[in-house]
Every structure is written in structure tokens, then in C-alpha cells.
Amino acid sequence: MWWDAAECLWEDPDLFFPDGALGRTARNLAAIARTVCARCPVREECLAMALELGAEFGVWGGTTPEERRRMARATAGRRTRELFEAPLSRPA
């Protein structure tokens with residue numbers, strides 16, 4: 001599978017899922033995790049999986065939970081607009 005090539009396989013999982021870390025500590029750990037993600041050859045696949053699963057915790061594909069929530073809202077908003085802007089088909 002694609003995750004066999006992930007850079008995070010060789011890192012401490014607590015770096016990506018810092019249980020109980022808050023404030024500056026959480027931000028510092030996320031920054032370090034993101035540097036690992038930045039060099040990862042499967043970063044896009046990881047992010048796609050996190051978005052598909054609705055991952056609420058941890059750094060996935062170089063993104064934080066808040067960033068993924070914003071991405072999901074933007075995608076949902078775009079889909080809604082596309083539905084309302086699509087022409088309605090008329091019966092023949």
C-alpha cells in the first residue's frame with residue numbers, strides 16, 4: 001500500500017498524535033511533524049485519506065485538524081454551489 005512509503009513510519013507516533021499536548025507544546029510538535037510530511041513522497045495520498053475518513057486528530061499529510069476542517073467546509077460549500085448552479089433538466 002501507499003503508506004509503506006510514508007516518512008512517518010520511522011518516526012515516533014506521538015509526534016503526529018500528541019496525546020494531551022496543549023498550546024505551545026502542541027504547536028511545536030505539529031511543526032516538527034509537518035517537516036516530516038514536507039519530505040514525504042505520499043503526502044497527498046495521506047491527506048486524501050484523512051479527508052475521506054474525517055480524521056479529527058493528529059497531523060496527516062502535513063495538515064492539522066483545524067486545517068482539514070477548513071478544507072472539508074470549503075469542499076462542501078463548493079459542492080453545494082455546484083448543485084445550485086447546475087442547470088435543471090426539463091422533461092421532453
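Heads up, the Cβ atoms here are built off N, Cα and C, so glycines get one too.
Keep in mind that TrEMBL annotations are predicted by a computer and have not been checked by a curator.
Some features that TrEMBL has for this protein:
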{"type": "BINDING", "residues": "Cys8, Cys37, Cys40, Cys46", "note": "[4Fe-4S] cluster binding site"}
{"type": "DOMAIN", "residues": "7-70", "note": "domain '4Fe-4S Wbl-type'"}
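The structure, with features from TrEMBL marked on it.
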residue : record                        : Cβ within 10 Å
Cys8    : [4Fe-4S] cluster binding site : 20
Cys37   : [4Fe-4S] cluster binding site : 21
Cys40   : [4Fe-4S] cluster binding site : 18
Cys46   : [4Fe-4S] cluster binding site : 22
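Take the mean position of the Cβ atoms of Cys8, Cys37, Cys40, Cys46, the recorded [4Fe-4S] cluster site; other residues of that chain with a Cβ within 8 Å of it are Ala6, Glu7, Val36, Val42, Arg43, Val59, Trp60, Gly61, Gly62. Mean pLDDT across the domain '4Fe-4S Wbl-type' (7-70) comes to 94 in this model.
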